[in-house]
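Participant: Once you've had a glance at the structure underneath, I'll fire off some questions.
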Amino acid sequence: MVEILDYTKALEVLKEYPSGDGLHVDTLLDSDNHGALTYNDFLILPGSITFSAADVSLDTKVTRRFTIKAPLLSSPMDTVTEHNMAIHMALLGGLGVIHNNCPPDDQAEMVRKVKRYENGFILDPVVLSPSTTVAEAKELKTKWNFGGFPVTGKTHYLSSFGKLASSDSFSLLEKGTLHSKLLGIVTSRDIQFHKTPEDPVTAVMSTELVTAPAGTTLAEANEVLRSSKKGKLPIVDKDGLLVSLLSRSDLMKNIHYPLASKLPSKQLLCAAAISTHDADKVRLQKLVDAGLDIVVVDSSQGNSMYQIAMIKWIKSTFPDIDIIAGNIVTREQAAALIAAGADGLRIGMGSGSACITQEVMAVGRPQAASVRSVSAFAARFGVPTIADGGVQNLGHIVKGLALGASAVMMGSLLAGTTESPGEYYVSNEGQLVKAFRGMGSIAVMEDKGKSGGGKNAGASRYFSENDKVKVAQGVAGSVVDRGSITQYVPYLVAGIQHSLQDIGVQDLEALHNGVNNGQVRFEMRSASAQTEGNVHGLHSHEKKLYSS
């Protein structure tokens, strides 16, 4: 008969056990005994809750230098990330990587749109000259999706009515540029219903301006903007020359998007992909000129002489640009890219939902094994890792993070959102879906229109651009509409916070430390256990993942 012990001694008796319940991560991922695992093959055991989910911090590094507040990235696929996705991912605390299956100028323009979207002091505002027409101002508003353009030039005389004087007393010495005399501001209301589009903006611009002097701090400028009730606050030097601009809309964005991934300058963080081809050196120059912060060297097999050479060239040519290299799945691959100078690593080969590399090439690795092996090695050099692929749900994101990844990259999970560039259509079943295709699919590799007739990013990524016969490593299909990421990403963030609360850790560093020292434990899942862990035994059900 079992002896009944004093219940007050339960915590002391627990110490008699040689180890905690469940498995250490190294035991879990011992491929000699278990084979290589992926996310569905295990669970994380719960810990002790001593804090609220809202107190969980998800701050994480994506490269050696850059930190974001939500460990989520959107994939550089042509049906996932263009400027709209990149903007909203950054606003929500993550990072969007703009795809490169387009002409370099188009990709640079997307980067430029991200960098212009939200700013503190706008150091390179769009500035109009006095000769700009109302029609041209409307075109600029449509192009940049904002209104309120400063008008600058050099004048000898302004009339008492605030309008430019007649041509005989007005001398335009300089086009509208920064560091020129501020003459006025053209707002959306000034041009919206103006009936003569050929009129110069000087005929409609506002000249009664509230300005702040150069040297004003951001906090002081924000206060002036609030009290003035104006949409824009020009910053001028002692001579009245425009030096920068502040926008009221950006103040509102700061309120609505407190987690936004921003630089000290308040510009949104922006990443974009390039291939390993020499031709993309010109592409990268255009991206850097547009304001790029992070470059992702995109290849299905990252440990190549081409990628190593590209990393070294980028490091020597653009030392201020951080590099995320990949894709890789082994320590050996990681070592080569770290030695070349990579600031971050992207992990995954054949695990993406639209990828068939493992099936066709017989090369790759299950994602859980890949993430743990590479992340544990890279951590010794302070290099963050990004788990890319194999993510089918929120739980998979948490598992990728628990195995050592600093962040998780998503393709299909985001392809169905409003902000992705894929096309909506109604499926044969009457369901609203969005087009989604792997970058190794024949649909991408033979798409000359998307790349503008230049190098095809899909073919380049899979080393197939010179092949007479294209071997597909991906498929094209569709994903169900998910609505906007402004609702979906906050759901993911809240879910990760609740998961870490269940595990008993308050931030990602504590999660990684707990996994490494054995305090965070794991359990294998049999096929029956996986069935048990999903919805079962019901006649019917509705699976609604979140409400807002």
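Glycine is no exception: its Cβ is also placed from the backbone N, Cα and C atoms.
Quick paste from Swiss-Prot:
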- Cys355: active site, thioimidate intermediate (ACT_SITE)
- Arg461: active site, proton acceptor (ACT_SITE)
- Asp298, Ser299, Ser300, Gly348, Met349, Gly350: NAD(+) binding site (BINDING)
- Gly350, Gly352, Cys355, Ser528: K(+) binding site (BINDING)
- Ser353, Asp388, Gly389, Gly390, Gly411, Ser412, Gln473: IMP binding site (BINDING)
- 539-548: compositional bias 'Basic and acidic residues' (COMPBIAS)
- 121-201: domain 'CBS 1' (DOMAIN)
- 205-261: domain 'CBS 2' (DOMAIN)
- 527-548: region 'Disordered' (REGION)
Participant: Can you count helix, strand and coil residues in the region 'Disordered' (527-548) using DSSP?
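Facilitator: For that range the per-state counts are 6 helix, 0 strand, 16 coil.
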Participant: Taking Cα-Cα distance, which of the recorded positions Cys355, Asp388, Gly389, Gly411, Ser412, Ser528 are within 10 Å of Met349 (NAD(+) binding site)?
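Facilitator: For Met349 (NAD(+) binding site), the recorded positions whose Cα atoms are within 10 Å come to Cys355, Asp388, Gly389.
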Participant: Within the same chain, where does the region 'Disordered' (527-548) have neighbours whose Cβ lies under 8 angstroms from its own Cβ atoms, ignoring anything closer than 6 residues to its ends? I mean 6 or more beyond.
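Facilitator: 40, 43, 394, 487-488, 490-491, 494-495.
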Participant: What is the biggest Cα to Cα gap, in Å, among Ser353, Asp388, Gly389, Gly390, Gly411, Ser412, Gln473, the residues listed as binding IMP?
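Facilitator: Those residues reach a largest Cα separation of 16 Å.
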Participant: Give the distance between the Cα atoms of Gly350 (NAD(+) binding site) and Asp388 (IMP binding site), rounded to the nearest whole Å.
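Facilitator: Rounded to a whole number, the Cα-Cα distance is 10 Å.
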Participant: Expressed to the nearest Å, what is the distance separating Gly348 (NAD(+) binding site) and Asp388 (IMP binding site) at their Cα atoms?
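Facilitator: Approximately 5 Å lies between the Cα of Gly348 (NAD(+) binding site) and that of Asp388 (IMP binding site).
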Participant: Report, as a single number, how many Cβ atoms besides its own are within 10 Å of the Cβ of Gln473 (IMP binding site).
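Facilitator: A 10 Å sphere around the Cβ of Gln473 (IMP binding site) contains 30 other Cβ atoms.
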Participant: Using DSSP, what is the helix/strand/coil residue split across the domain 'CBS 2' (205-261)?
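Facilitator: Counts, helix then strand then coil: 20 helix, 15 strand, 22 coil.
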Participant: What subset of the binding-site residues Asp298, Ser299, Gly389, Gly411, Gln473, Ser528 lies within 10 angstroms of Cys355 (active site, thioimidate intermediate), using C-alpha positions?
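Facilitator: Within 10 Å of Cys355 (active site, thioimidate intermediate): Gly389, Gln473.
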Participant: Hey, for the IMP site built from Ser353, Asp388, Gly389, Gly390, Gly411, Ser412, Gln473, who else sits with CB inside 8 A of the CB center?
Facilitator: Ser75, Gly348, Ser351, Gly352, Ala354, Cys355, Val391, Gly438
Participant: So which of the binding-site residues is most packed in, judged by how many other Cβ atoms lie within 10 Å of its Cβ, out of Gly350, Gly389, Gly390, Gly411?
Facilitator: Gly389
